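Here is what Swiss-Prot records for this protein:
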type: DOMAIN; residues: 2-223; note: domain 'ABC transporter'
type: BINDING; residues: GLY38, VAL39, SER40, GLY41, ALA42, GLY43, LYS44, THR45; note: ATP binding site
Amino acid sequence: MIQVRNLKKTFIKDGNRIEVLRGLDLKIEDGTSLAILGVSGAGKTTFVHILGTLDHPTSGEVLFNGLDVFNWPEKKLASFRNRTIGFVFQFHNLLPEFSSLENTMMPALISGMPRRNALERAETLLHDVGLGDRMTHKPSELSGGEQQRVAVARALVMEPEILLADEPTGNLDTETGRKIEDILLELNRQKGITLIVVTHNQSLAGRMSRSIGLRDGEIVTCA
């Protein structure tokens, strides 16, 4: 379970104090699918970066199963992030010189997993997302939807408990975006992964078990 308590994030820009998140409180149960909605500048991406431990809060707490991981040394925090959290972004961020299979394996190899185990996991995941026949292809040889499916497989190779997706269908056409949505929601249902998605897509939000709306760094709706 993730517990967010009075979470605040402030940036200083050109000598001005900018409050991006203003005292958020939220509880996310294990296995939940949660949509985070809001206009650009509402604080959605900053919130997800903190949930993913990519950024630190200015004040407040984010507890993972009761643990305040932001008090940990950076090396321990990075290890927790790699083992526990998967990320899918609007831009796939695949390494252009590597194949689909190699890109998918990368987080596992970085973690020290034996290559054989990483290979087996990556092959299984690429089959699961419908790319069993595209494993040797590099990103430039894949469509936008295929690239994003590789990104989903890569996010899952460490078997994370939490999957964070920031506008995962934002660069895709409606049909392709729907396929990515189906994959993410099926993973949530079948594997019990906690799925947190930032989106402008009301249709996708309606398919999630919960949704919240952010405005000016505050939660204004919760369903």
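Including glycine, each Cβ sits where the backbone N, Cα and C put it.
Keep in mind that what you see is a predicted model, and the values were worked out from it rather than measured.
Look at THR45 (ATP binding site): DSSP puts it in a helix.
There are 21 other Cβ atoms within 10 Å of the Cβ belonging to ALA42 (ATP binding site). On the 0 to 100 pLDDT scale, the domain 'ABC transporter' (2-223) averages 91 in this prediction. Of the listed binding-site residues SER40, THR45, the Cβ environment within 10 Å is emptiest of other Cβ atoms at SER40. The candidate set comprises the binding-site residues GLY38, GLY41. Of these, GLY38 has the most other Cβ atoms within 10 Å.
Of all Cβ atoms in the shown protein chains, 23 besides its own fall within 10 Å of the Cβ of LYS44 (ATP binding site). Using a 10 Å radius centred on the Cβ of VAL39 (ATP binding site) and all shown protein chains, the other Cβ atoms total 11.
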